[in-house]
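Asks: Per Swiss-Prot, the feature ATP binding site maps to Gln86, Gly104, Glu105, Gly106, Lys107, Thr108, Asp493; the stated evidence is sequence analysis. Swiss-Prot lists 868-889, 915-937 with the feature region 'Disordered'. Annotated Zn(2+) binding site per Swiss-Prot: Cys911, Cys913, Cys922, His923, in sequence order, evidence recorded as sequence analysis.
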Amino acid sequence: MPAILDKILRIGEGKILRQLEAIAQAVNAIEDDFVAMSDAELQGMTAEFKERLANGESLDDIMPEAFATVREAARRVIGLRPFDVQVMGAGALHMGNIAEMKTGEGKTLVAVLPSYLNALSGKGVHIVTVNDYLAKFQSEMMGRVHHFLGLTVGVILPEMRPDERRVAYNCDITYGTNNELGFDYLRDNMAGSIEECVQRGHNFAIVDEVDSILIDEARTPLIISGPTQDEVHWYAEFAKVARNLVRDEDYEVDEKKRTISVLEPGITKVEDHLGIENLYESANTPLISFLHNSIKAKELFHNDKEYVVLNGEVLIVDEHTGRMLAGRRYNDGLHQAIEAKEDVQVREEYQTLATVTLQNYFRLYDKLSGMTGTAMTEASEFDKIYKLGVVPIPTNKPMARKDQADLVYRTEEAKYEAVVEDIAERHEKGQPILVGTVSVEKSEHLSAKLKKRGIPHSVLNAKVHADEAKIVALAGHKGAVTVATNMAGRGTDIMLGGSVEFLADAELRKRGLEPAGETADEYQAEWPGTVERIKSQVANEHDEVRALGGLYVVGTERHESRRIDNQLRGRSGRQGDPGESRFYLSLQDELMRLFKSDWVDRVLQVLKIPDDVPIENKRVTSAIANAQGQVESQNFESRKNVLKYDDVMDRQRKVIYAERREVLEGKDLQDQIRTFIDDTVTGYVTGATEEFAEEWDLEALWTALRQIYPVGVDYRVLEEEAGGRANMDRDELIAVLQKDAHEAYDRREAEVGETVMRELERRVVLSVLDRKWREHLYEMDYLREGIYLRAYSQRDPLVEYQREGFEMFAAMMDGIKEESVGFLFNLEVQVEIEEEDEEEEEVLEPMRQPVPSFDQQGAMPQIRAKGLERPSQPTKLAYSAPSEDGDAEVKGATVTNADDEFAGVGRNDRCPCGSGKKFKQCHGRPGGPTGLTARVS
């Protein structure tokens, strides 16, 4: 099926190529006019284009002139004039397609043209690279062209602070990796204020090596995770509290519903134990969950029944099979409460706080395009998932590479012996060689054999990748031997004799000149002369290497994907240079086992063919191609399946993030809160009045409603007015209670003041929304883990996931409404106007776990919660994403107290140092004598 679709998709190629040729011809027709311009006139075109766009012209209208402007600017600034085929590639990108351009055709330069054109709209352009080095290098090298034309260029790097990221995103053109862009999107949707957000939208993205990013890495989502709680010591404290509480006296237990409720005497005991006045004050609300979990752990979970303790670890016991569920933990802090009860180590637990797949992240962009040397084999997937067409751009010069037939050996050892022999023979002549391996282990194995043979070489793999760009750029030198995994070579050309631009840049940097910053002008002035000098040096070696046959590429194993094989071959034969490639295989290779090579091995044994004699057989080659096709189809189905499931989460994510963004941007929440009140009251009344009217339990309904707001009407009065409970009407009851709740809210606002109420609404909604969304992510993960079991009962797991996921989302939204209303009615706040300018304002976020932040300033009067002052605890966030070698990377940022001397001191207490100031104004102040420090763990 994919093959048929590929053929259908290629039918329109001719038409698109004719359109692109017309664009190149239009640019050529006006090129002389731009060549004749002075620098000032050429630079003035940017302002002219922006004015024309403001007057109603479209980007398509100005495209030929904009491309001609960039072509001439690139020639003057970096000495590179885009070829006609590069202009065609630029047109394909602007049209929202994937441009398949062979290795060495100058994709990096191609991206400059459409990025300039689209940046003129003022909405920003993102250029996505496969690693941080390329993002930095390309932003500096190609950024010189944009700077010349008056545009700003930024780059996103891992070590950058939020304020630096914000500046970079506000530039006209921003370079960065897919992981950095994706994580910034997630972090923006965890921010506590609009000022903390760094991205400004998703207008247009150009994805370099688009097949690697949108296909190879598509199955691994971006995940930000953090501890489900960060006050581990509270679990031990509340385990002690629970031991001292008496069942039916201090709390009640409903074993059937597996719930507990704390009674007034129990609350008093807890407050006395902790030394606080009111457990239900806003500052103390996180402690309530610790209390409930500790009592649940005591009464509802028992050793050797619901769990066992083994080697200092609490292991859940499956109630159906009786087996221990290693690695599984109860959520919402319950597992930690059980650990504290059993007096074993309370383990920190990470939970998903935010997640998105790369597929759904890049579908956020209004326009998406990409470049790669190998896209046609995945054209159907690009079309189905991203609605992207693939356009094969002709090469500037005819391909001269010779792709030799595969050589297949019986054993892996025999294969490597043949590879080493071939390398030794070619190396002796001086021909540069690139050897591709499928894993770090295989690259190290081959490296050891080359060392034993005395052949000098460079190794490039996941362990040794610090100098990736340098090694690849110099791999075309005479006599160079480079052993690399398939992570190598992305985005950096292997040029015969060496890379002129790389060598020129390296020399200027060695002299202390940088393409950006204070020395940018001197760097620019020195660039042309340095390039010309190095060109003459490289030219001689280039001709010498050409005479030796160009770059020789050796593949030591077929990859699962034909694209990666083609990518490896494509390192050779750039820009019409000669080159050669060959794959060495063995019947013990992983892919060979996939198509059951036993029959080949048996034939070789019967014929008594020695291990070191290769076979060249079309049937074997065909079988390998079929095996690759099967694996590619399986991987495509896997990615498609991931997307189907994530689409469920994506729809929910967009609803939550859109609501969250509106709150951050200052949306007036009054009407929404009143809708929350109406919905909450309606839900409570509906749930309590499902039976006949005479059976309604109004006492229980009123008890439940009083937990939400101070009910001002008496159900007995309503019952009397209706002439008995049997005559009461549900809709009338809802209307009466809604009116009563609105009046109570009006009184609440009058009590705290309108300004404070608006700020309280914003903070409460944000806090509750974030917490409920985190809990929902956990529940959805749990649902996803076991949903496949529905297939055994003849149910479609995806349909079941969609149905239950929707029900859970609806329940979460109801929970957000109810909890927001409850907090707004019941939080006890104290408003203070600060007298000292330097005093830090506190932010009321009773249950929200924010991204680590050192100083949150605001212009509002303080909303200060009375009661327990808790010492700050470490907050860690872990980031999980696909790395360059396909594994997950995990990073964590930890904020800790620099000095434990003041641990336990309340923020409003006098500082122990004797200054007479409050602790929060002295040693407890961020940036103060012992402030807060950040470290990466």
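Each position is counted from 1, following the chain as shown.
Just so it is clear, glycine is given a Cβ too, placed from its N, Cα and C backbone atoms.
For the listed features, I'd like the structural context: burial, neighbours, distances.
Replies: Counted within 10 Å of its Cβ, the other Cβ atoms near Gly104 (ATP binding site) come to 22, all protein chains included.
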Asks: Under a three-state reduction of DSSP output, how is Gly106 (ATP binding site) classified: helix, strand, or coil?
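Replies: The residue in question, Gly106 (ATP binding site), is coil (DSSP, three-state).
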Asks: What number of additional C-beta atoms lies within 10 angstroms of the C-beta atom of Lys107 (ATP binding site)?
Replies: 25
Asks: Within the same chain, and leaving aside Gln86, Gly104, Glu105, Gly106, Lys107, Thr108, Asp493, name every residue whose CB is within 8 angstroms of the centroid of the CB atoms belonging to the recorded ATP site, in sequence order.
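Replies: Filtered neighbour residues, in order: Met101, Thr103, Leu109, Val110.
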Asks: Give me the long-range Cβ neighbours of Gln86 (ATP binding site): same chain, 6+ apart, Cβ under 8 Å, in sequence order.
Replies: Glu105, Gly106, Leu109, Val110, Leu113, Asn396
Asks: I'd like the number of other C-beta atoms within 10 A of the C-beta of Gly106 (ATP binding site), please.
Replies: 19
Asks: What residue among the binding-site residues Glu105, Thr108, Asp493 has the most other CB atoms lying within 10 A of its CB?
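Replies: The largest 10 Å Cβ neighbour count belongs to Glu105.
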